[in-house]
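Colleague: Not my notes, these are from Swiss-Prot:
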- 8, 9, 10, 11, 12, 13, 14, 15, 16, 17, 18: ATP binding site (BINDING)
- 188, 197, 200, 203: Zn(2+) binding site (BINDING)
């Protein structure tokens, strides 16, 4: 039996990964992390979606220690989430240092427990938000270290790594879940479901991708299929 663990926030990217994983694996587990995030409404959204989509199990792990160590606008109410700035340089204040290091490591431990061969994460390098822990180089390096440390070949899969947001919408549509992802996921840094607040970087990236996809579905769908190998 093929098993996978999805790092699941209830947002657009991880929900799209879950939708695909449910088609590719016999048994899919979800793991969600409570780190005292500003947008912790995503935890309830993740619970609802994991149940609705048919995950075998959904575990919510308390990692609030991360909140004490990592200073970010997503972990401190005193630091405002900035509006989207197209020319912004450097690492944004929404970056939570160590978050994906911790999430992927704990997800791998959980995968070891449930005998899953893969950990799936929705990180993306094509139009990422300036986060160093979304890079392919980082994921591969951590995957190697974790596999060595556990003496087990647990594979980190990144199905969105080389597709952009428009193509991520196309992937959801390919599996017949465009409306679900559009209306029932929570991507917004300010914690608003669906289209979100419309001002933060996460909402802007999501909206621009959707508009691009809806404006030229055939072209974007074809590009997504070419990059992912889907037919």
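Residue numbering: from 1, along the chain as shown.
Including glycine, each Cβ sits where the backbone N, Cα and C put it.
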Colleague: Sorry to bug you, but what's the C-alpha spacing from residue 197 (Zn(2+) binding site) to residue 8 (ATP binding site), rounded to the closest Å?
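Modeller: Taking the Cα atoms only, residue 8 (ATP binding site) lies 21 Å from residue 197 (Zn(2+) binding site).
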Colleague: 10 Å Cβ neighbour count around residue 10 (ATP binding site)?
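Modeller: So the number of other Cβ atoms within 10 Å of residue 10 (ATP binding site) is 25.
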Colleague: Determine which residues of this chain, when 8, 9, 10, 11, 12, 13, 14, 15, 16, 17, 18 are set aside, have a Cβ within 8 Å of the centroid of the ATP site's Cβ atoms, and list them as they appear in the sequence.
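Modeller: Leaving out the recorded residues gives 6, 46, 49, 122, 185.
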Colleague: For residue 16 (ATP binding site) and residue 188 (Zn(2+) binding site), determine the Cα separation and express it in whole Å.
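Modeller: Here the two Cα atoms lie 16 Å apart.
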Colleague: About how far apart, in whole Å, are the alpha carbons (Cα) of residue 197 (Zn(2+) binding site) and residue 10 (ATP binding site)?
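Modeller: Just about 16 Å between their Cα atoms.
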Colleague: For a quick check of packing: other C-beta atoms within 10 Å of the C-beta of residue 197 (Zn(2+) binding site), how many?
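Modeller: I count 15 other Cβ atoms within 10 Å of it.
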Colleague: List, in sequence order, the same-chain residues at least six positions removed whose CB sits under 8 Å from that of residue 188 (Zn(2+) binding site)?
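Modeller: Non-local contacts for residue 188 (Zn(2+) binding site): 39, 196, 197, 200, 202, 203.
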